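The next block holds one structure in the form of structure tokens; read it before the comments.
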Amino acid sequence: MSKRDYYEVLGVDQNASVDEVKKAYRKLARKYHPDVNKEADATEKFKEVKDAYDTLSDPQKKAHYDQFGHTDPNQGFGGGAGDFGGGFGDIFDMFFGGGGRRNPNAPRQGADLQYTMTLDFKEAVFGKDTEIEIPREETCQTCTGSGAKPGTKPETCSHCGGDGQLNVEQNTPFGRVVNRRVCHHCDGTGKFIKNKCSTCGGKGKVRKRKKISVKVPAGIDHGQQLRVSGQGEAGVNGGPAGDLYVVFNVKPHEFFDRDGDDIYCEMPLTFAQVALGDEIEVPTLNGKVKLKIPAGTQTGTNFRLRGKGVPNVHGRGQGDQHVKVRVVTPKNLTEKEKDMIREFAQMSGGQPDEQNDGFFAKVRRAFKGD
Ligand SMILES: [Zn+2]
Ligand SMILES: [Zn+2]
């Protein structure tokens, strides 16, 4: 596609002053701004106008253009006409003041809501079906959201013509600037309601406590959240409702710790149990299971109970339970018990079993300074 002559685009001649170029550009930019002009080629035209302005308003670029005509914008002068990636917002704000422009009658999605649900440890592990009650804004049933008394309709706000915004003109050192402000006659809705709906007072929405069923999935963890689609605040102008986010606060358990899908616990055992071996019962999330403790088990030893952890919340299997052995040193011994232990100590030489644990050898070497 061959490019149109920049002077032609802006409708100015080669001797036009920078002010004249600027004036022509402002007029055309307003005309073709994509937020204003809904014609199919408005964006193209707007871009063309901006390219022309970028070049003709810069004396250096203008001189280059006058001499060489259209060239690759990336050659000769850096970027310039090529860097149009910033969108229209900035240019728009330049003319109309901050905030851009939003059609007040366009459908908008309702706000998202957040609800914190506290769960017992096992409720999080197994999941549950429950019902929560949340206060939220819903479309008023009396007026179906219009805010007008049944049988009547909201009228277009006469102050802003339905735009929801007003032009406020100001004279500044840079010329007359037009700012857009929210229309205070209609609070930006663009509508005027003569006969307000008595149920909602013209808001079109009512605040209600709504009961919502929530299916807590098995395996949910502390801090995770669940999205309940379409259960947030009602939308505006027929837009969809927002979503409800349920955030889980899981209470700790007095015996089990949880890390992801794995469960951790500690089992206190007597010296006799670990020395001689035993079969013990260990509590799990699904009741007791038997665990064989081999003779000579050390304190701190971990046993893994496969598949006795938490079901994965995404349905990917099940975690394990880790059982850590803690040998409990007896207290408050009777004289007879003490005698027996002394006897045992004499028989075993009064030192930890070297073969059983090289750790004590390391301790001895450390004392010797090796
Ligand atoms: Zn208004
Ligand atoms: Zn109503």
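Each Cβ is built from the backbone N, Cα and C atoms, and glycine gets one as well.
Predicted automatically and left uncurated, TrEMBL annotations should be read as such.
Secondary structure at CYS143 (Zn(2+) 1 binding site), as computed by DSSP, is coil. A sphere of 10 angstroms centred on the C-beta of CYS143 (Zn(2+) 1 binding site) encloses 27 other C-beta atoms. Positions annotated as Zn(2+) 1 binding site by TrEMBL: CYS140, CYS143, CYS197, CYS200.
Other C-beta atoms found within 10 angstroms of the C-beta of CYS157 (Zn(2+) 2 binding site) number 22, with every protein chain shown included. Look at TrEMBL and you will find CYS157, CYS160, CYS183, CYS186 tagged as Zn(2+) 2 binding site.
Annotation source TrEMBL lists domain 'J' at 5-69.
Look at TrEMBL and you will find 127-209 tagged as domain 'CR-type'.
The repeat 'CXXCXGXG motif' annotation in TrEMBL covers 140-147 (among others). Within its own chain, the repeat 'CXXCXGXG motif' (140-147) has Cβ neighbours under 8 Å at 153-154, 191, 193, 196-200, 202-206, 234, 237-238, counting only residues six or more beyond its boundaries.
Taken from TrEMBL, the feature repeat 'CXXCXGXG motif' covers 157-164 (among others). Beyond its flanks by at least six residues, the repeat 'CXXCXGXG motif' (157-164) meets 101-105, 182-183, 185-186, 188-192 of its own chain at Cβ-Cβ distances under 8 Å.
What TrEMBL records for 183-190 (among others) is repeat 'CXXCXGXG motif'. Taking Cβ pairs closer than 8 Å, the repeat 'CXXCXGXG motif' (183-190) reaches residues 104-105, 156-166 in its own chain, all 6 or more past its ends.
On the 0 to 100 pLDDT scale, the model's mean across the repeat 'CXXCXGXG motif' (197-204) is 92. What TrEMBL lists as repeat 'CXXCXGXG motif' is 197-204 (among others).
Across the zinc finger (127-209), the DSSP tally of helix, strand and coil residues reads 0 helix, 39 strand, 44 coil. What TrEMBL records for 127-209 is zinc finger.
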Check: If you draw a 10 Å sphere around the Cβ of CYS160 (Zn(2+) 2 binding site), how many other Cβ atoms fall inside it, taking every protein chain shown into account?
Finding: 24
Notebook entry, point to check: Which chain neighbours of the Zn(2+) 1 site, leaving out CYS140, CYS143, CYS197, CYS200, have a Cβ atom within 8 Å of the mean position of the site's Cβ atoms?
Noted result: GLN141, THR142, THR144, GLY145, SER146, GLY147, ALA148, LYS196, SER198, THR199, GLY201, GLY202, LYS203, GLY204, LYS205, VAL206
Item checked: Additional residues surrounding Zn(2+) 2, by Cβ distance to the CYS157, CYS160, CYS183, CYS186 centre under 8 Å -> PRO104, SER158, HIS159, GLY161, GLY162, ASP163, GLY164, GLN165, LEU166, HIS184, HIS185, ASP187, GLY188, THR189, GLY190, LYS191, PHE192
Notebook entry, point to check: ligand 2: which of the binding-site residues CYS140, CYS157, CYS160, CYS183, CYS186 have a Cβ closer than 6 angstroms to it?
Noted result: CYS140
Next item on the list: Compare the C-alpha of CYS140 (Zn(2+) 1 binding site) with the C-alpha of each of the binding-site residues CYS157, CYS160, CYS183, CYS186, and give the closest one.
Entry: CYS186
